[in-house]
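Marked as S-adenosyl-L-methionine binding site by Swiss-Prot on the basis of similarity to another entry: 606, 607, 608, 609, 610, 629, 651, 652, 653, 856, 857, 858. As annotated by Swiss-Prot, domain 'PWWP' applies to 226-284. Positions annotated as domain 'ADD' by Swiss-Prot: 447-579. Taken from Swiss-Prot, the feature region 'Disordered' applies to 1-154, 194-250, 412-431.
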């Protein structure tokens, strides 16, 4: 029973549970914090014999507990007596007090967790309830509370991805909800607690409060309090809900959960992603003005500023074709985001008919192109409105990943050789690369400007301090990662004829293209502003035409200093890029003139018989020329131009050891397997071990069959050719099989066209400098017919595609005739490659068919350069 005393009204109010009757068992603390008397009726007797009314305490009263055990029973903030619990009779009634009760009251005012109820079982004090006078902490707003406990901030750096299984996600969610409920109870205690001034100084008890109950007043840290039952229940539920389901990203900047966006990270193109809740990442909440983004393609998470995000509807401005052509992960990301976008917009793309001969990756590529065209057209007919996430996807706890982000066809993208990896490490890559902070490069360059560091000690491409060699073009260092990127991308060109990536870092999305028609280099805005100086990129944009830092008259531009000997350094860079060491090839001494015999040649993937043409030009007698070729047009050209001296044997896969023994022995084996599935320019490439890439192993097989047996010391030579723009891993594998490192030769030194190629072989002097002859046509004008004017001194690499004839960023035709632009004629292309005029003019072939033959052929001056030493070994005319 709770009685009123005549104590002053400013004392603390304390709830008391009356003692049970002798017949009743003592109250036991229940697991949920309720105090229950099993069937017993609690009674209290006043001196006047008045019996109090039965009922519950008023809801606006807040009571303190002095009893330690009862305090533990009330640890969860609930006190729920049974119906037999008596309530105070009348707040105005005064009960007599004795000194013993006064001593009990003083102890209650200083009560802590330590138990005192056993000593004062039958001496309960009744204090006047003053709940209406109490002040609720946090009632004016939690921001003004003295007990603010800001959440610890955990910064997040993009790194290893989080692949969340359903089981693990459920475990995390359950754990976070338990933590939120626990925190909610603490907040409820702190929000509803009543401040009660102390009546007189009291002696503090040596006890500590329970972990779940926070001190309410700095002056009295040991007073353990609990909220009034009904209020605590309501606050518990509300606070738990607010802590667990508090809305995210409510900063008025848009881009809520579930929206499809483009995000920009330094060193990467704009990448598609999806805004997700913080709990999905397993990290802390994103700060105001930032969003958690889950990237398509690799499933990683990053915190990105709102300023670095664009809606997916900005597809035409954010989509980067060069990155799409090069990086398989980017293609996969585009495929996935457009799958989700088409699903939301209700756009259905017709399925491509599949049969046994249709490659799944080609089907995916066709569908992807259809979706990209739809996206570039503005996501019609629904437009950007149709890309908004449905209501269920805005729920942060909705499991949309397994249902919405399925990628059955995306897996058909066979992972080709690793492309440029701009300063970021992923677990999918075979090597773990160094993660460089966004500001590392800027900080190091600043130190160079302050003369605190040597620029040769840092990688000017990415900012790494793990320098392994010098940059071949500019003063500065280069790390191993950027070296591999440079090897892959230095000779990769877009459809406009310019390099696909920055000359310095082999990255960047926004690049400046040189205005010199004979230069094809690009520089990204980031490198220009960082190394040349702030604002240099804008100044270059305003300058028209702008000559880049490789062809400009000056050699120094801020910290960007061009090496004077860069041509030879670039040559040595590709000549000495070998991470594998092999024994030098066997050197054969020259054969005396009287002992020289005609050469016997096995040409695999022969094309239009460039090898035989060069041997004839050099005057070397050819005894036998066996060629493996499957293209009918190429066979026709070879048969007509060489009067049937070539023996065609069909598909290389059908040539056996028996055939080699029958046709041999051979003195020279040459070939260049198709590069379609090796070149990183091809977005659908399959690599060395699939598609046409596997044909390299046919060359390797027949090369070993044709080698001289042990004891046969006759000179034996071989040559294998392929593109420079191949993956580092593919080049490494080819070198490992051939037990030789390649040399890189660019035909621009001896012809009017760029054409960089790798050559493996044991021909003498393959590493010697490439020198032009008097008969080589080094300028495009020398290759043109009368009355035609060349607009460029050299053309870019001519391929099998018709648009490879166009030059420059504006796609100009290379020739000017009759005051009009014109393409190269077939006879002019033949001169560019070094072939005789009308060499491919057989069988009424069209212009495009002739260009396809030339686009797959070798450059005649380059092969002449490689074959020239053979005159010391074989008979000549």
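Cβ coordinates come from backbone N, Cα and C, glycine included.
Take the CB of residue 651 (S-adenosyl-L-methionine binding site) and look out to 10 A: across all protein chains shown you find 11 other CB atoms.
Classification of residue 653 (S-adenosyl-L-methionine binding site) by DSSP places it within a helix. Classification of residue 610 (S-adenosyl-L-methionine binding site) by DSSP places it within a helix.
The average per-residue pLDDT of the prediction over the domain 'ADD' (447-579) is 82, rounded to a whole number.
The domain 'ADD' (447-579): residue composition by secondary structure is 41 helix, 22 strand, 70 coil, according to DSSP.
The maximal spread of the S-adenosyl-L-methionine binding site, taken as the longest Cα to Cα distance among 606, 607, 608, 609, 610, 629, 651, 652, 653, 856, 857, 858, is 22 Å.
For residue 857 (S-adenosyl-L-methionine binding site), applying a Cβ distance below 8 Å and a minimum sequence separation of six or more within one chain yields 607, 608, 610, 833, 835. A coil conformation is recorded for residue 857 (S-adenosyl-L-methionine binding site) in the three-state DSSP classification, outside any helix or strand. Non-local contacts of residue 653 (S-adenosyl-L-methionine binding site) by the CB criterion (under 8 A, 6+ apart in sequence, same chain) comprise 695, 698. Sequence-distant neighbours of residue 606 (S-adenosyl-L-methionine binding site) (same chain, 6+ apart, CB under 8 A from its CB) are 627, 628, 629, 634, 638, 646, 648, 671. Candidate binding-site residues: 608, 610. Fewest other C-beta atoms within 10 angstroms, 610.
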